[in-house]
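Undergrad: According to TrEMBL:
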- 1-23: region 'Disordered' (REGION)
- 7-23: compositional bias 'Polar residues' (COMPBIAS)
- 26-220: domain 'Poly(A) polymerase nucleotidyltransferase' (DOMAIN)
- 225-369: domain 'Poly(A) polymerase central' (DOMAIN)
- 373-430: domain 'Poly(A) polymerase RNA-binding' (DOMAIN)
- 431-504: domain 'Poly(A) polymerase RNA-binding' (DOMAIN)
- 507-566: region 'Disordered' (REGION)
- 540-556: compositional bias 'Basic and acidic residues' (COMPBIAS)
Amino acid sequence: MVGSDGLNVSPSPSQQMEKQLPNQWGVTKPLSRAGPLELDIQRSKELEKFLVDAGLYESAEEAAKREEVLCRLKQIVKDWVKELTRVRGYTDQMVEDANAVIFTFGSYRLGVHGPGADIDTLCVGPSYVNREEDFFYVLHNILAEMEEVTELQPVPDAHVPVMKFKFDGISIDLLYASISLLVVPDDLDISNMSVLHEIDEPTVRSLNGCRVADQILKLVPNIEHFCTTLRCLKFWAKRRGVYSNVTGFLGGVNWALLVARVCQFYPNANPSMLVSRFFRVYTLWRWPNPVMLCEIEDDELGFSVWDPRKNPWDRSHQMPIITPAYPCMNSSYNVSTSTLRVMMEQFQFGNKICEDIELNKAEWKALFEPYLFFESYKNYLQVDIIAADSDDLRAWKGWVESRLRQLTLMIERDTYGKLQCHPYPHDYVDHSKQCAHCAFFMGLQRKQGEVIQEGQQFDIRQTVDEFRHQINMYMYWKPGMEIYVSHVRRKQIPAYVFPEGYKRCRHPRPMSQQQLDKASSEDGEACRTGSAERRLKRKKELEEMEMKRESLEKRQSISPQMRDSASPDLLCLRSANALKGYSLIESETIKEGPESCQPIGGISPQVIPCSGSSGGKMQHHEQDAEVNTNITISNEGMQNAETFDAGCLPNVNNGGNPEINDQGFLQGDIREAKSKLLLDGGRENVAGVFEDGLREELEVLDLSCLCPLPSLFIHHFKYPLFNSLQYLG
């Protein structure tokens, strides 16, 4: 592996054996110094075997191929810099000394990458080789002419400018940093503060990945245990749908920092103990208190560091996870109120499974059960993306993915946090269609515990129009690049988003034992009976639900408070043009033709009253958590559907179902006063995650113990970090 010292050295597990364990790791003393028992050792062996069987480790052949690709890339950038030096008229000696160095960071540098994973790389060049022209134009053209290079995609306007491509089948993310040296030495120490002199903010962000990876490896007590635990939790996060920085969840560096902090809390724990304590710690963590591996240092270089006392924008961050290298930044600024809620639910799920494993009631495979996203909500937003060909789709999709998180934030803003969104970090393609397209999905539900008045509406049509307007400002837009946002109910989710093209029987949410027995019986019956029997069953269910509804209405007429708590929701989309030019169409009536897709651009999705159940079929226990979403979308600013081949446009019901990524998000994009008010207010909802009786049982841990920061800094946060030192130990 090419480390940040420029040498082909992998982080050796033996390095940690040479360390003398200090009295304290990070900013606090350990929560426990206990080592593993025999049962813990056995569980760790079982966990490692599970990870191997799951195919998370690459073969020796693939590892050798990665090394070869990195060597080739290193030679390419050296030749590139030498040629630029010669063309610009420098002396022969300068041309001979001209150099560029390749560093790695991310999962590859940390030693937790798996088969097929990309390699995060950084090219460091001299001061006279710039990013805008030399890197994104000259080097781009050199790579484009090479047979080994495919899927070349420059992203110059990203938050961290990057060039993505595959080299001999290996995915590469290549960054560039021009430092204030005329000659870059092969043994450049990128951790040295001197590399930050006289460089701009994008260059600092580009260098930060390598500097952070090196610091993480220095700040954990046991590198081998850290790597195993991180590999496990990254796999878990992907299975549970919470691994995606661009979608508003957490990416690789975020998970690495969270795991590293737990390793500091429990310096002698083995991987099985660390996994269990990871979920225990972060289930109880009081966000927005920051996770830090070391103290935040300031320097006379003048770069901005994360500090909510000085920077108003930092106060709106929901889940601060601070990088350990100067300038210290919040690596998880993409997290929103909605995505934090989803992650907290998943932490609670992981904690419960780990408790069962420790009691020998479950095995490790239970922890990695995939999250059934399309069985978790009744309403979804479907975002279809199409382009003229696969190359255009790659660029268009990258732009849309980098902005989709904004749709979540805007919906939170315009509904004052009452409508919660769950963007799913995966994209879907209907391979039966011949056009270049993909689709993303976002689950919708109203905020749990929110009292909704009778007939209240969530009107987000104008929100979607605003989002589409932002998307259509893409500076590299080409004819054929289109985006369509529509509402689909759970029963309308196309079959191709499910494994092997079929829909699994939906598992009901937690309910009473009587309801659970009934639902289990009904689900089993639904899987065994034919369509005629299902229709009879549905009819019977509708009759039962109608009786329940009438009974509920009678109770509501007696108790106004009950009427408010059980009142249904109404969700529609607001048009900036007061419904001018819209047609109201029931989504159930939209059919796909036998030969081609129904053009979404020619359809205005429906405005339908939401009654808290879809056609009366929602189970009673779902009413408090779900809403029926009704969306009307303007076609303004879009090209007419007639200008495209109808066969290349996804159908409202059966269109592709991709996911959402957002690289290139700039913090200034949502600095409007409304957004600030929402995000600041949204923090009150975060506290509700922890109101589960733990305060009554557990001793409150003083924040100053775990975050030795100035008192003004501590005063900014409302909640202690977590509830009990004894419990966490």
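The backbone N, Cα and C atoms fix where each Cβ goes, glycine too.
For each feature listed, report its degree of burial, its nearest neighbours and the pertinent distances within the displayed model.
TA: For the domain 'Poly(A) polymerase central' (225-369), the predicted model reports an average pLDDT of 95.
Shown for the domain 'Poly(A) polymerase RNA-binding' (373-430): DSSP residue counts in helix, strand and coil, namely 28 helix, 15 strand, 15 coil.
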Undergrad: For the domain 'Poly(A) polymerase central' (225-369), DSSP counts of helix, strand and coil?
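TA: Reading the DSSP string over the domain 'Poly(A) polymerase central' (225-369) gives 74 helix, 6 strand, 65 coil.
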